[in-house]
Amino acid sequence: MTNIRKSHPLIKILNHSFIDLPAPSNISAWWNFGSLLGACLGIQILTGLFLAMHYTADTATAFSSVTHICRDVNYGWLIRYMHANGASMFFICLFLHVGRGLYYGSYMYIETWNIGIILLFTIMATAFMGYVLPWGQMSFWGATVITNLLSAIPYIGTTLVEWIWGGFSVDKATLTRFFAFHFILPFIIAALVMVHLLFLHETGSSNPSGINSDADKIPFHPYYTIKDILGLLLLIFLLMSLVLFSPDLLGDPDNYTPANPLSTPPHIKPEWYFLFAYAILRSIPNKLGGVLALILSILILAIFPLLQLSKQRSMMFRPLSQCLFWILTADLLTLTWIGGQPVEHPFIIIGQLASILYFSIILIFLPMFSLLENKLLKW
């Protein structure tokens, strides 16, 4: 009798994806973040579901319903903070996952990479809409500022913004539709993840050396299942440490004040994981230019396969490109810091320089250094 995992139509798919999948024998812990992102998505969907059972998407009661969850619902505070900090863990894993892809040349699997970029945009949209739901000060003003950016689109901008708002300002209609979208998008993300995995399993995973690993594959289970479980335990440890010891560490105190359209907070800023893009947006004095730079700061990932001029796929044996990669990382951290600062000297100029450096490294220096390293190979 054939093993059920190899014959059953449904279990067979799972078997080929997670059990008998041939995996390179030398992939490091940087390859753990895919499974961690899957775990984060699962945590977010579950905690979100339980929050939705008690939340009301109405301007009059949204803020007090979140308060009610934290005070009156059994372990409501735990579910709420796991959901809020789970988003932070999600983005930490996302940034590390994308960084791994850039460092080891995973972007050469173009279909997988492009679906990944679509996933990134979808997750960012979901997180933004989720931040609006508690209806605190930063929720309201964040929603107002970010949706208002669409008014920079020539001719149709203002109409588009009012269409998204469902009125002439961010109000009840906006909150209700944001809740609807915030609920449905994670399931769309889950479907996109399936497509992401489908494309990945067409080629198999890359590996740190960047060379073909067909000659040396090992089964995913038990080798990488046990490795993923270790990663998952560390993720849960970090998440629960954050939730139980300092749940508001990454949040904004302004969001504990109910939304008031008549009082603007002194510094409107998004959650920490959007600050780098927010800093790039603010560094351009023109509204439309800023919006374009904001979108391009992430969309630029799509042109990495075109900028691959090196004869080696991975950066493992390319010290000059490695230096640039870590300068880019430092630059992104600088942008994240600047995004959280007020718009005044010297932060404005630092933000502008960091933004110029961000695009210069990707568009000019990385391809240039790749060609230089190709020359060095001939010596």
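Don't overthink the numbers, they just go from 1 along the chain as shown.
Using N, Cα and C of the backbone, Cβ positions are placed for all residues, glycine too.
As the structure is a computational prediction, the values presented were derived from the model and not from experiment.
Taken straight from Swiss-Prot:
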type	residues	note
BINDING	His83, His182	heme b b562 binding site
BINDING	His97, His196	heme b b566 binding site
BINDING	His201	ubiquinone binding site
TRANSMEM	33-53	transmembrane segment
TRANSMEM	77-98	transmembrane segment
TRANSMEM	113-133	transmembrane segment
TRANSMEM	178-198	transmembrane segment
TRANSMEM	226-246	transmembrane segment
TRANSMEM	288-308	transmembrane segment
TRANSMEM	320-340	transmembrane segment
TRANSMEM	347-367	transmembrane segment
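Touching of the transmembrane segment (226-246) and the transmembrane segment (77-98) is concluded from the presence of at least three CB pairs under 8 A, sequence neighbours closer than 6 excluded. When Cβ-Cβ distances below 8 Å are used as the criterion, the transmembrane segment (178-198) is approached by residues 17, 38, 41, 44-45, 48, 52, 55, 57, 112, 115-116, 118-119, 122-123, 125-126, 129-130, 132-133, 143 of the same chain, each at least six residues removed from its ends. Note: the Cα of His97 (heme b b566 binding site) and the Cα of His182 (heme b b562 binding site) are spaced 23 Å from each other. Of the recorded residues, His201 (ubiquinone binding site) and His182 (heme b b562 binding site) place their C-alpha atoms 29 Å from one another. Highlighted: of the candidate stretches 77-98, 113-133, 288-308, 320-340, 347-367, 77-98 has the greatest count of Cβ pairs under 8 Å to the transmembrane segment (33-53).
In sequence order, Gly48, Thr126, Met129, Gly130, Leu133 constitute the residues six or more apart from His182 (heme b b562 binding site) in its chain with CB-CB distances below 8 Å. Under the three-state DSSP scheme, the residue listed as 'ubiquinone binding site' falls in the helix class.
Rounded to a whole number, the distance between the Cα atoms of His83 (heme b b562 binding site) and His196 (heme b b566 binding site) is 24 Å. Around His83 (heme b b562 binding site), the same-chain residues at least 6 positions away in sequence with a Cβ under 8 Å from its Cβ are Gln44, Thr47, Gly48, Leu51. Within its own chain, the transmembrane segment (113-133) is flanked in space by residues 55, 57, 62, 66, 87, 90-91, 94, 98, 101, 106-107, 139-140, 142-143, 146, 174-175, 178-179, 181-182, 185-186, 188-189, 192-193, 195-196, 199, 270-271, 273-274, 298-299, 301-302, 304-305, which lie at least six positions past its ends and keep a Cβ under 8 Å from the stretch.
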